[in-house]
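K.L.:
Have a look at this one before I ask anything.
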Amino acid sequence: MKLIIGLGNPGKEYSGNRHNVGFQCLSRFAKDNHISFDKKCCLSRTGSGRINDEEIVLAKPQTYMNLSGKAASQLLRRYNLKAADIIVVQDDLDLPAGKIRLRLGGSAGGHNGISSIITDIGTKEFIRLKIGIGKPDSRNNGTEVVDHVLGNFGGEEREIMDKAITRASEALTCLLTFGLDTASNRFNS
């Protein structure tokens with residue numbers, strides 16, 4: 001069994017935010033695989049299904065981003081899983097908008113949701129699917145990081161991100177089917 005956790009903030013007011021790209025990707029993946037988020041469990045909205053005979057659980061924590069680890073640790077206990085069984089889908093400021101990268105382990109890189117998960121599950125050794133949202137443009141009236149991640153994608157940027165979310169959904173399927181090395185070689189950009 002694999003647990004795929006998409007990171008984001010709950011609530012309609014956050015749904016289009018850059019910081020919610022993990023939720024957006026998981027919604028796309030669920031739609032592509034006919035999975036609905038029809039349960040509430042472990043501080044999360046969850047759905048389950050199968051990909052190539054592998055049972056999967058999708059989870060969108062309903063804590064705020066900075067408390068995502070509470071949901072992740074409850075989910076691991078509920079399903080009796082190890083960190084090696086989870087995949088976390090996250091936004092990444094350090095990647096240009098629309099780029100994706102699969103990676104096992106590593107630091108939180110300043111991402112408070114990832115930091116919370118590392119703290120609460122006690123390890124950084126889990127797979128992350130990072131979706132680039134780019135850094136704020138320093139020429140753009142000094143936009144702060146918080147304003148950037150909680151801002152919505154604009155016109156051209158939205159088109160780039162829609163394609164990235166589709167590609168990230170495909171990367172999840174490849175990861176579940178062929179493993180991390182093959183998926184990384186195919187999708188890391």
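Numbering starts at 1 and runs along the chain as it is shown here.
Note: Cβ is positioned from N, Cα and C throughout, glycine not excepted.
What Swiss-Prot records for H19 is active site, proton acceptor. What Swiss-Prot lists as tRNA binding site is Y14, Y64, N66, N112. Annotation source Swiss-Prot lists site 'Discriminates between blocked and unblocked aminoacyl-tRNA' at N9, citing sequence analysis. Swiss-Prot lists D91 with the feature site 'Stabilizes the basic form of H active site to accept a proton'.
What does the local environment look like for each feature on the list?
P.N.:
Counting only same-chain residues six or more apart in sequence, the Cβ atoms lying under 8 angstroms from the Cβ of H19 (active site, proton acceptor) belong to L7, G8, N9, M65, D91, I133, V149, L150.
A helical conformation is recorded for N66 (tRNA binding site) in the three-state DSSP classification. Its Cβ taken as reference, N66 (tRNA binding site) is surrounded by 13 other Cβ atoms within 10 Å in the chains shown.
When secondary structure is read from DSSP and collapsed to three states, N9 (site 'Discriminates between blocked and unblocked aminoacyl-tRNA') falls in the coil class.
The number of other CB atoms found within 10 A of the CB of D91 (site 'Stabilizes the basic form of H active site to accept a proton'), across every protein chain shown, is 26.
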K.L.:
Same chain only, sequence gap of 6 or more: which residues have a CB within under 8 Å of the CB of N112 (tRNA binding site)?
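P.N.:
Within the chain, N112 (tRNA binding site) has Cβ neighbours under 8 Å at M65, N66.
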K.L.:
Residues near the tRNA site, Y14, Y64, N66, N112 excluded, by Cβ within 8 Å of the Cβ center?
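P.N.:
For the tRNA site the neighbour list reads N9, H19, T63, M65, L67, S68, G113.
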K.L.:
Check the recorded positions N9, Y14, Y64 for other C-beta atoms within 10 angstroms of each C-beta and report the one with the most.
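P.N.:
Comparing the recorded positions N9, Y14, Y64, the most crowded Cβ belongs to N9.
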